[in-house]
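Annotated domain 'Aminotransferase class V' per TrEMBL: A:10-329, in sequence order. Sequence annotations record features per position, and here TrEMBL assigns N6-(pyridoxal phosphate)lysine to A:194. Annotation comment: TrEMBL describes A:338 as substrate binding site.
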């Protein structure tokens, strides 16, 4: 039905009415006192959400742009970096590092297989002359639904002492209890259209004192992405370049909602819905790409295999039930579908999706499950 | 009054209700067929607005980011560039060029003084070994209200033959009849919160075949800003990175409105309102920063001088009449005020602003004009 679409993809995620209404206001001048107050409120809210005392800087850019800023601000051409890659986004950060002339060592795993902390440990321990300047890790790998063990990898980075850790937390921030300051994560980047319950168009990056020290020596060219400029403006509740004013209005409303829900509840909701989703897929006999212990709270990847075609599932879900699921990316195109359960998602949405998926599978002639078993398994988790 | 603000600044500019409502819709998946249709419609609309058959690429970035992309994609470190600078934005493009290691020759004028085409001619004629790879010009210099003679400068670039011309058309596109293809302008950049009648958050850049040839040899590092990626996606009605979905909804509505008005009418409206504004300032005895023959259709800078303080004018206009005027930037801070008449501005807005300004001047004790003379002078132009 026209106008009835339900987003169960890992971004853009559903946006609350309150946030849409806030975004629909007339813009105001971005150099006005009124807007400065909004910036101040947002800065404080983002620090709360990032669990950090570091500045959290806001850029007008997509997630890729913000992670790029998180990389290039702290390095110089030829610097050695260690990049964990087990999916499309890990691959991308390696590509960016290469595009900027860094000396890239990739810690590679197949899509769906978690990065091994010991591989980082080995590379970092072997680096006795401390040539490695940064370790770049994707926390929640959106392309596969793997949650990489960033805490354990970080321990090896801390033991190394010299390197900073740069974390792509695009789909884990605001959905997973990522303790930025407690872990001492140096650079943590995320994007608005994910756990933040906003449309795409802005991104956020927190920067530690250790990373700022690296910034002082970094010579990769930058201007629009120069985080030093954003830091100066942050201190004055301002922005170095024209900010996306209406998204700021939306973020103000979204942060208010998140504060009312509370961090613990937000994380528990994501964990519960993930577990419900995974339990349902198992009951339906549909294999999961990511292992249980390394599964993302944001997205679940399902491999329907030869029994039923993943694109047929997505097509029927969209046409008959007006539910958007994500497909696979790159070599997994046509082989998996991905259920996003990130941001403004309630338990009802999970049951709705699973009930519709059960019916879809029946329509497509897949009979490898007892009707109702998916919904029942999800109920077990949610009740 | 709360909620009653009227924007007469050169960005963000007022946004039509239709556009705000379009932006307030729930986002849809950016990889869906429905969104691809919107991208296709927008691409075609932008080519119409830019008066070009070149691809017009859309980035999630502020105006500065888009102009930066327009510079760094076509050059390599050490390349010689000629940058015209007679205001904050010209200065900024020189800064960006230096930050990326280009060999920058600045053609400088004071703020308020138009760039001289013959200075470009002299530098380009002297460049017999064709070392100059690009000429960077700000068309409408928002900081001063000068409209630089880009057509005449372009003639010298064409005579040179080798260099491409990169035009910051951030506040001239959609307000001035800039004939991109007829003039053969290679790279033309603009931003959403200006003539496009949208909030800030996205920018546009058109690229000629000659510039794409330069792109092939350009080695400055880039990834998020790599326009080659945007070109590939353009051909498929897609985007390389997550686009600001809700701004696309808004742009779709804004382009529809602009097509209904027609290019000629849009340009005539901006010209008429500029003339009305300038006539009023002269009647009020307030000097203008930009000369008549080089005045921007987007913004008029006024120097109230010693008689009455520009910040007092802005403050009273804001507090009593809920009209936002822009102040001066950098060394002109506190010395000028700027009236934006760009984008979604009707003739009524001009009369309103001038009537309020007259009253403001009276409140502040300035008596150097016959009451009503400003409004009357504007009426002469508008009637």
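The backbone N, Cα and C atoms fix where each Cβ goes, and this holds for glycine too.
TrEMBL does not curate its annotations; it predicts them automatically.
Separating the Cα atoms of residue A:194 (N6-(pyridoxal phosphate)lysine) and residue A:338 (substrate binding site) is a whole-number distance of 15 Å. Residues belonging to the domain 'Aminotransferase class V' (A:10-329) score a mean pLDDT of 97 in the model. Comparing the recorded positions A:194, A:338 by how many other C-beta atoms lie within 10 angstroms of each C-beta, the top residue is A:194.
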